[in-house]
Every structure is written in C-alpha cells, then in structure tokens.
C-alpha cells in the first residue's frame, strides 16, 4: 500500500524529530524512486550552521542531489513565505526533469506551507511596538514574555518555545497590530492540497526513552565534532539578535560564551531543549498533519 502511494505521489515529504532517522530514509527513497532532496529544516538554510543543525554531509548524500542548504548568511532573515516560494519553484524544476521531489526536515509548518494552499500577506511592522517588547524582554526575561503570549493566544504560545523570543515577540506584535491571533489567522489557510503528496513520519513508533537517548547521544557527538568551535565563530563575529542563532544548540552555547552558565550547564540545557522540541514536533505532526508514520529503519 505504501509502495503504491510512493509510486503515485508527485511530492514526498519526510518529517520527524531530530535523531529519528530522516536522513537514512531520504537517501533510500531518493535512490529507489529517482528522487532529489529539498531541505525542510528552517535553520539548515544558513551557512556556517552545520554541526548544530545536523546538516547532512557530502559523504552522507551518497551522490543524491540536495537543494536549499547553506545558501543564506547567518544574519539574513528567512520567513515561511520565502521558503514556500523557493521550494515550489524547486519542485517544478525537479518535476520538469522527471524526478521525484522529496522534502526532508523537522519544520512541520514549512512543509505544510509548500504542500497546501497557505497564503501569506505582507505583514505590518511597527518598529516602536517591537522595540517596546524587546525592552520588556530585557527586563522580564523569555519565560515572562511567553507567559504573556500564553494568556493572550494560548494556541500560538503552545507552538513556540519560550526561548524563541523572536517568534514570541512577533506573535505579540501581530496581536497588537491586528487584534487577530496568529493561530486564528492561520485557521482558514492550508486546507487544500496543491500536489498529490505523501507525508512519511518517523519517531512516533519509537519509545520516548529510545528517542531521548538518541538525542542525548547526538548532542554529545555534536560537541565532539566541534559544535562549540562552530558557535564560537559566530559569537566572535558578534552575530546577535538574528533568526539563525535562535536555533537550539546556538543560543545555549551563546549563554556559556557570554558567561551566563557553565559549559556543562549549557550542554544540559541543549539536551533538554532538544528533547522538548522533539516532543512538540511529534505532537504537531500527529495533530496538524496527515502523516503516515513508519518505523525507523523500515524498508519502503
């Protein structure tokens, strides 16, 4: 049944939390179904964010073409709307060459925005309101700002990690400007599929203990492979207050480099935040997406 769906699909997406086995499955399917892989991770678009985002290496690609990796400077902003436009263009290009586009990543909203009729309007910006929120953040801290959003828009707050202060503040800003919550604005979007697609999911059938152990071991391996040095390179360039360094792995080690915590404390936070994010990802995939979950390592 799954093989028939794969053969009929115009586009395949593979979603799953970190350390769930997406890379191995994507390479297997690309080889079997004449596919090319499109990055579906919102942070792997940045140059220099390689180890912390678990970006695939040339060796791991095994000759399979990969697209939309490492094409933006760390200081650049990149929205879901930007991603949607680029990926739809890339899908058309891959299909024109009679190959199968395979989107791979953990950013569920980004994948949905491509596959369904999500429409994005030009968002208003009020610099004074934004600065006021950042001033409030400096005084009260991330948790207090997230609690404020939770009181006003619990649905949106649930989807945003408290440490992702850029998104928390943007959600508060949208509420102030329009009076409409981000969640409510999105409710009537994204219901009509634009492609005959199949979304495969990993991690759902893995026990929480196994997944968390894989995540902890992956963090240890990242540190062995030079994650601290990678983050230090960004920190020394004084890259701050931008989207890229909100990624898990970067903000925790920035705290260490800023002298706010020990290295051990930063690594513990990195592991904890990675586990929490994996839990939120799985909840999102289950509740917000029509995902066909498969076993990690299952032959398709």
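Every residue gets a Cβ built from N, Cα and C, even glycine.
Under the heading ATP binding site, Swiss-Prot lists 16, 17, 18, 19, 20, 21, 22, 23. What Swiss-Prot records for 18, 19, 20, 21, 22, 23 is substrate binding site, and it gives sequence analysis as the kind of evidence. Positions annotated as region 'Interaction with substrate tRNA' by Swiss-Prot, on the basis of sequence analysis: 41-44. Look at Swiss-Prot and you will find 107, 130 tagged as site 'Interaction with substrate tRNA', backed by sequence analysis.
Known features from Swiss-Prot, placed on the structure.
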residue	record	contacts (Cβ under 8 Å, 6+ apart)
16	ATP binding site	22, 106, 201, 202, 203, 281, 285
17	ATP binding site	106, 202, 203, 211, 215, 277, 278, 279, 281, 282
18	ATP binding site	54, 106, 215, 218, 274, 277, 278, 281
19	ATP binding site	54, 211, 214, 215, 217, 218, 278
20	ATP binding site	202, 203, 206, 211, 214, 278, 296
23	ATP binding site	56, 60, 104
107	site 'Interaction with substrate tRNA'	40, 41, 42
130	site 'Interaction with substrate tRNA'	169, 173
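Its own atom aside, the Cβ of residue 22 (ATP binding site) has 25 Cβ atoms within 10 angstroms in the protein chains shown. Counting every protein chain shown, the Cβ of residue 21 (ATP binding site) has 18 other Cβ atoms within 10 Å. Taking the centroid of the Cβ atoms of 16, 17, 18, 19, 20, 21, 22, 23 as the ATP site, the other same-chain residues with Cβ within 8 Å of it are 106, 202, 203, 296. Across the region 'Interaction with substrate tRNA' (41-44), DSSP helix (H, G, I), strand (E, B) and coil residues number 0 helix, 0 strand, 4 coil. In the predicted structure, the region 'Interaction with substrate tRNA' (41-44) carries a mean pLDDT of 94. The record gives 18, 19, 20, 21, 22, 23 for substrate. Within 8 Å of the mean position of their Cβ atoms, the other Cβ atoms in that chain belong to 16, 17, 24, 54, 202, 203, 214, 296.
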